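What follows is a set of notes on a single structure, which appears directly below.
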Amino acid sequence: MAEPIRVLVTGAAGQIAYSLLFSIAKGDVFGKEQPIILVLLDITPMMPVLEGVVMELQDCALPLLREIIATDKEEVAFMDLDAAILVGSMPRREGMERKDLLKANVAIFKSQGAALDKYAKKTVKVLVVGNPANTNCLIAAKSAPSIPKQNFSCLTRLDHNRARSQVAIRCGVPATQVKNVIIWGNHSSTQYPDVHHCVVNMSGCEQPCFDAVKDDAWLKGDFISTVQQRGAAVIKARKLSSAMSAAKAICDHMRDLWSGTPQGEFTSMGVYSSGNSYGVLEDLIYSFPVQIKDKTWTIVDGLAINDFSRAKMDATAQELKEERDTAVEFLGV
C-alpha cells in the first residue's frame, strides 16, 4: 500500500462537501490503492455540524480512509498537504454588490493562500471551487509565492460537464460519446462554452459536433445560454445551489489532475493565462482546454479560433480583468 496522502476540503460542513467527501474517501478520485488522511476545515460555528459529518464518514467503514482531522484552525488544516480543495467561500447574500462579495473573499483566500505557503508541501495541488472561483484562485496563488503557479487551478469542469451533457442529450447519445468541448474564461455567465472542436461518436463514427447536432442556431444561441445560466436555473428550481453535480465535477477535475487525461482528449480548467497562445490577457486565472500528464497541465495549442469565438473569449477575459483589478486593490499588491 502507498503512503497516505493528506487531502484538505474547506467548507467541509457544507452541501457540496457532503456530496464530495464519500467519493474522495472511497478512492474514486486519487485511486483505489491510495490511502487518504482527510482534513476538514470549516468556520467555528459549523464545528458541531462537522462532527456529524465525521461520524458519518467513520460509519462508512472505508478501507482507504486512514484518519479524519476536523478543525477550524488554518495552521492545522494546511499542514503538509498533498491536495487542497477550497470549497468554502463567502456566499452572495441578498442586496450584496459583487464588489462586496469580492472584498470578503479576497480576505478569505489571501489568508488561505498564506497558510498554503507557510504549511503545505510545495508540491500541493490546489483546486479552488468557492466563487468567484477564478479570482479567488488568483488571490490564493498570489498569496502563496513559494508554490508554483502551475499548482493552482479553479473549477470549470462543472460547466464543461454541463456543455457535454447538453450536446449528448441533443444527439441522443451517452455523455461519454461527446468529447473535447471547451469552456473558455470565467466561471460566470460570461463563460464561453465552445463546441467548434468537439466531436460526437454517432453509431461508432466520430463526427464534428455541428454535423452531429445539425442545428447551428441552437449551438450558437440557446446551447450557450443554457450552459451559462445553468447554475441560476438549478437555484431557481431547488432553492439551493448545485451540489451533487459540483461534487462530481470536483472529482472529475482532481482525478484527471492526478491520473491524466485520455489520449487525444482535453478537458477544461481555470489555469494561469500567462504565456498562452490565444491572445488572452496575462496574469488571469482563465479557463482553457488542457491536457494533463504526470500531474502537470498543458494548454492545448493550435486550435483555430473564428471571429464568433474570439469576441466571446475577449468578453469573458475583460470581466476577469475587472475582477482581478478590483481584487488586487483590496489585496494591496
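Glycine residues also receive a Cβ, built from the backbone N, Cα and C atoms like all the rest.
Those TrEMBL annotations? Automatic predictions, nothing curated.
As recorded in TrEMBL, the features of this protein are as follows:
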ACT_SITE  HIS187  active site, proton acceptor
BINDING   ASP42, ASN105, VAL129, GLY130, ASN131  NAD(+) binding site
BINDING   ARG92, ARG98, ASN131, ARG162  substrate binding site
DOMAIN    6-152  domain 'Lactate/malate dehydrogenase N-terminal'
DOMAIN    156-330  domain 'Lactate/malate dehydrogenase C-terminal'
Separation of alpha carbons, ARG98 (substrate binding site) and VAL129 (NAD(+) binding site) (Å): 17
Model confidence over the domain 'Lactate/malate dehydrogenase C-terminal' (156-330) (mean pLDDT, whole number): 97
Which recorded positions sit within 10 Å of ARG92 (substrate binding site) - Cα, from ASP42, GLY130, HIS187: none
ARG98, ARG162, HIS187 screened against ASN131 (NAD(+) binding site), Cα within 10 Å - retained recorded positions: HIS187
Proximal but sequence-remote residues of the same chain as ASN105 (NAD(+) binding site) (Cβ under 8 Å, at least 6 apart): SER89, MET90, GLY130, ASN131, PRO132, THR135, ASN136, ILE139
Separation of alpha carbons, the residue listed as 'active site, proton acceptor' and ARG98 (substrate binding site) (Å): 14
Whole-number Å value for how far ASP42 (NAD(+) binding site) lies from ARG162 (substrate binding site) (Cα to Cα): 28
Spatial separation of the residue listed as 'active site, proton acceptor' from ASP42 (NAD(+) binding site) - C-alpha basis, Å: 23
Helix, strand and coil residues within the domain 'Lactate/malate dehydrogenase N-terminal' (6-152) as assigned by DSSP: 66 helix, 27 strand, 54 coil
